[in-house]
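Chemist: Sharing the feature lines straight out of TrEMBL:
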TRANSMEM  6-26  transmembrane segment
DOMAIN    12-94  domain 'Prepilin peptidase A24 N-terminal'
TRANSMEM  76-96  transmembrane segment
TRANSMEM  102-119  transmembrane segment
DOMAIN    108-208  domain 'Prepilin type IV endopeptidase peptidase'
TRANSMEM  148-167  transmembrane segment
TRANSMEM  179-209  transmembrane segment
TRANSMEM  215-236  transmembrane segment
């Protein structure tokens, strides 16, 4: 009975955090502060969205995907993100211990908005690498204590290399990536660091080729590759 309840709770929490992630995505892209306004408003008519119209997933269905006041369409991204978070939170609860599932949920919560923001604005929020660092530090100390020095060494070496590259090629790498990559590398662990570099670089090159765009953000590929490799690490070694 507890397991079933745990999965239901995880699904609900995932949907709630997905709604929060939508705020993290929308406001920076729209040029708004994260804490202002203090309540949600319709981007079109600016009317305040009441709590009963802000229930994750359900409100979109009940309102038929339209604002209650001006009837303008609500982006399909909102329910998709909420459903995605609900599914990911539930899967993490199914396959991992409680503390690890929480760590993965936290990393996922800050990673998805960062992917959207980096693609749209070509910048990474500082909270992304800070939150990932704190979360991965806990998991590495709690479950991979024997590898903590090696993981730290690998992350520091990566940081030094990126700083040198930044000095040599000023516009070749974003400032956010300099801190993000070592932190994500620390999360994946030393053994997966070469794979992180390979997968994120190759996927970024392929994306750039398909889009025929020389200037692309590297952060999204670091985050996506890093999250997948972190899951592999926990799946294999826990």
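Numbers run from 1 along the shown chain.
Glycine is treated like the rest: Cβ placed from N, Cα and C.
Keep in mind that this is a model prediction, so the values were computed, not measured.
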Chemist: Is the transmembrane segment (148-167) in contact with the transmembrane segment (102-119), using three or more Cβ pairs under 8 angstroms as the rule and ignoring pairs under 6 apart in sequence?
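Modeler: They are not in contact.
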Chemist: As a test of reading the model: what is the averaged pLDDT for the domain 'Prepilin peptidase A24 N-terminal' (12-94)?
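Modeler: 92, rounded to a whole number.
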Chemist: Over the span of the domain 'Prepilin peptidase A24 N-terminal' (12-94), count residues by DSSP class, listing helix, strand and coil in order.
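Modeler: Taking each residue of the domain 'Prepilin peptidase A24 N-terminal' (12-94) in turn, the totals are 44 helix, 4 strand, 35 coil.
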